[in-house]
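As written in TrEMBL, here are the features:
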- 1-22: compositional bias 'Acidic residues' (COMPBIAS)
- 1-33: region 'Disordered' (REGION)
- 46-114: domain 'Histone-binding protein RBBP4-like N-terminal' (DOMAIN)
- 117-146: region 'Disordered' (REGION)
- 122-138: compositional bias 'Acidic residues' (COMPBIAS)
- 272-307: repeat 'WD' (REPEAT)
- 319-353: repeat 'WD' (REPEAT)
- 364-406: repeat 'WD' (REPEAT)
Amino acid sequence: MSDSEHESEDEMVVEDENDEAGESSGAAIKKEPRQVYLPGHQMQEDESLVFDPSAYHMLHDIDSGLPCLSFDVIIDDMGCNRSDFPHSMYLVAGSQAEKPKDNCVFVMKLSNLNAIKNEESSSSDDSDVESDSDDDESKDQPVLQISSIPHLGTVNRIRNTTVDDKVYAAVWSERGIVNIYDLNSKLKDVEKANRNRKIGSEEKKKKYGKAAPKRILSEHKPLYSYSGHRDEGFALDWSSKAPGFLASGDCKGNIHTWKPSESGWVVNLHSLGGHKESVEDLQWSPNEVNVLASCSVDKSLRIWDTRLAPNKANMLTIADAHDSDINVINWNKKEPLIVSGGDDGKLMIWDLRQFKKGKELAVFKHHTSAITTVEWSPDDSSVFASGGEDDQIAIWDLAVERDTTNDQDDIKEIPPQLLFIHQGQESIKELHWHPQITGVLISTAQTGFNVFRTISI
């Protein structure tokens with residue numbers, strides 16, 4: 001990748017804090033030009049990171065009222081490959097409240113998600129009548145509608161699926177219970193919820209939209225509950241090949257598989273045996289009905305054939321795939337690749353055709369702390385996004401090769417596959433690409449949700 005590609009696709013610029021002081025006081029201070037922030041750059045005391053709106057097609061900051069550890073995108077009937085603004089979408093999320101009784105499962109509708117206005121059009125609007133300008137600004141703000149299900153305890157992870165045109169959510173509770181909810185009535189309720197356009201006082205919220213919730217809260221009992229796990233857990237995934245099939249993994253290293261029945265679900269009481277410590281994540285194969293992948297605090301990656309007896313189902317294992325805990329994995333929908341992320345800050349790409357050799361296809365070390373989320377793009381099989389405890393979301397493209405004609409020192413240590421760095425959230429928990437809106441990412445963090453599309457994708 002060339003210098004220009006790196007510079008145009010990083011969303012932050014470095015600004016000298018003396019710039020504003022020099023302008024306002026009239027002092028004869030030489031104004032330094034803004035610089036593009038590059039990974040590894042040591043910030044000076046008089047420098048700060050400034051958001052660059054020209055690096056985004058869209059960016060919205062969404063406040064659901066409570067922080068959410070996990071969420072999922074609900075497939076809608078508005079079509080695929082959408083690109084025209086404004087966008088709308090449906091999400092389901094689970095909260096992390098201070099008191100267990102205050103937690104909820106949120107069914108959310110986000111609408112009126114507009115593109116970022118360029119600075120020139122924004123400045124020309126200042127000459128318009130003030131009341132008209134205020135009306136236009138209000139119309140440009142994102143709309144958030146929420147319908148909530150009370151949930152006792154923090155939601156560790158939540159995943160949804162559609163079976164026979166009905167939407168279901170599986171919810172891993174910190175209380176060690178996995179619940180399944182029918183979301184169809186809540187999806188109807190969310191259309192009736194208050195259309196909130198509340199704007200925050202900060203400049204970023206004023207310009208790019210900060211929606212906060214007004215929600216419908218109603219009692220809603222789960223369709224099915226399973227309390228047979230030996231501990232709470234985080235690993236949870238619905239099969240995309242076998243409708244209604246589910247897998248759940250707990251902090252004691254157990255994995256249980258579920259299959260739908262006339263009365264609800266039947267859970268295999270015999271857990272898949274292999275992991276020695278907490279199962280942190282698992283993924284059904286996007287191509288094979290009975291194949292499952294998992295990762296663990298025991299540093300291993302495992303591939304399972306669920307047709308076999310639980311004690312014989314572990315077909316392939318890479319014992320020390322990372323240097324420490326493996327937190328997340330994601331299975332490429334189009335290529336035989338799995339990406340994993342761990343406490344070591346490493347992203348590892350694994351080719352399933354070479355899995356027996358135990359050798360990774362590629363390794364990227366950019367994140368400076370534990371990786372908490374990773375997902376392949378549904379639109380481009382070579383692109384994926386990662387997020388971590390270093391408060392960064394990185395977008396990668398495996399198809400990019402280093403430009404050997406340009407050997408500048410400032411980018412020599414940056415992986416050429418690193419397309420973009422998104423910042424501004426604290427303690428990033430999870431991200432997902434929207435499967436029906438081209439290039440759009442949604443992320444949840446301790447500070448709320450971001451919905452954005454960058455110029456790099």
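Cβ atoms are placed via backbone N, Cα and C, with glycine included.
Secondary structure of the repeat 'WD' (319-353), assigned with DSSP and counted as helix (H, G, I), strand (E, B) and coil, comes to 2 helix, 18 strand, 15 coil. Mean predicted confidence for the repeat 'WD' (272-307): the pLDDT average there is 97. Secondary structure of the domain 'Histone-binding protein RBBP4-like N-terminal' (46-114) per DSSP, as helix, strand and coil residue counts: 6 helix, 39 strand, 24 coil. Residue counts for the repeat 'WD' (364-406) by DSSP state, with H, G and I taken as helix and E and B as strand, are 0 helix, 19 strand, 24 coil.
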